[in-house]
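Noted in TrEMBL for the protein shown:
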DOMAIN    23-288  domain 'NADH:quinone oxidoreductase/Mrp antiporter transmembrane'
DOMAIN    290-344  domain 'NADH dehydrogenase subunit 2 C-terminal'
TRANSMEM  59-80  transmembrane segment
TRANSMEM  92-113  transmembrane segment
TRANSMEM  152-171  transmembrane segment
TRANSMEM  178-196  transmembrane segment
TRANSMEM  202-219  transmembrane segment
TRANSMEM  239-257  transmembrane segment
TRANSMEM  277-294  transmembrane segment
TRANSMEM  326-347  transmembrane segment
Amino acid sequence: MNPYVLATLLSSLGLGTALTFASSHWLLAWMGLEINTLAIVPLMAQHHHPRAVEATTKYFLTQATAAAVILFASTTNAWITGEWDMASMSDPIATAMILAALALKIGLAPMHFWMPEVLQGLDLLTGLILSTWQKLAPLALIIQTAQAFDPLLLTALGLTSALVGGWGGLNQTQLRKILAYSSIAHMGWMIIVLQYAPQLTLLALLTYVLMTSAAFLMLKLSYATKVGTLATTWSKSPLLTATAALVLLSLGGLPPLTGFMPKWLILQELTKQGLPLAATLMALAALISLYFYLRLCYAMTLTISPNTVTSTTPWRTQTTQASIPLAFTTVMALGLLPVTPTIMALVI
């Protein structure tokens, strides 16, 4: 892709998200979401592969549907209340419609069906943008209007997403689909605690972005898109494979890695709010997710592919891919647990 076109598209992505962040008016927020969608569509379709075009079409249709529902619901609310402001969401039907539309935008279950299919058709870098940056604007809107939503609905969405994200990833062999279901499960964790401690939602979002970025960049560096390919990575780059396995365990939420911190704090908050059943179900859903991360770790570190030698081959060409972003996100995805007391002092 032409670098000028790429720069324009990436700056439009940033502009769309910044517009949504800065807005308190529904029309401006909607405009930011639309700029965001239109900027990523050419990035998704740049390879001209039938799968990429199909994924782009599916993504565009779902995002356009969600945007239309947001516009309709905010207009309905403005018609009833006379205000376009986000803080004055008083009509229950309009509020429920906006929550459904924003849930469709970020891929919360049961509006998640587009997510694995779309991510499967994209290359890893565009998939990374879709899994991280594209979640920010809709999540900002959900956080801003959280107090207007029905608490029971938010809890149901969170629980359903965590369970669907766990169950859906169990039977997959494609790594991008596994990461899509992982994304759905993580969104569930963010949504369930939103009404009680929005700062924990932001903390979970930050750790999710760091861990997912590390996972995608590692897969990109090792050119792996299927579970079977992971078995050959050990002989190519043992150090990368070992850290990749740790990053996957961090995504699963195992101590002493970064991914344990948001899960621990969210379960603690749910228990404090008198929701032991919800906390137990979330912990069980995390166990289901952990199983497919362990499957990937097993494929990477405990199996040797039959078609490769076990020794490290010294004549492999050096990669030209940038390794600094991977190094930074990996360190963050593995080592932030010791700073939990500091984070708790800041956010709670």
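In case you wondered, yes, glycine gets a Cβ from its N, Cα and C as well.
Annotations in TrEMBL come from automatic prediction, not curation.
Looking at 152-171, 202-219, 239-257, 277-294, the range that has the most CB pairs within less than 8 A of the transmembrane segment (178-196) turns out to be 152-171. Counting only same-chain residues 6+ beyond the ends of the transmembrane segment (239-257), those with a CB under 8 A from a CB of the stretch are 182, 211-212, 214-215, 218-219, 221-222, 233, 263-264, 286, 289-290, 293-294, 296-297, 300-301, 330, 333-334, 337. Mean predicted confidence for the domain 'NADH dehydrogenase subunit 2 C-terminal' (290-344): the pLDDT average there is 81. Packing against the transmembrane segment (59-80) from elsewhere in the chain are residues 26-27, 29-30, 33-34, 37, 40-41, 44, 88-91, 93-95, 97-98, 100-102, 104-105, 114, 118, 130: each is 6 or more residues past its ends and has a CB under 8 Å from a CB in it. The list of residues near the transmembrane segment (277-294) in space but at least 6 beyond its ends in sequence, with Cβ under 8 angstroms from a Cβ of it, reads 155, 158-159, 162-163, 165-167, 169-170, 172, 178, 181-182, 185, 188-189, 192, 248-249, 251-254, 263, 266-267, 270-271.
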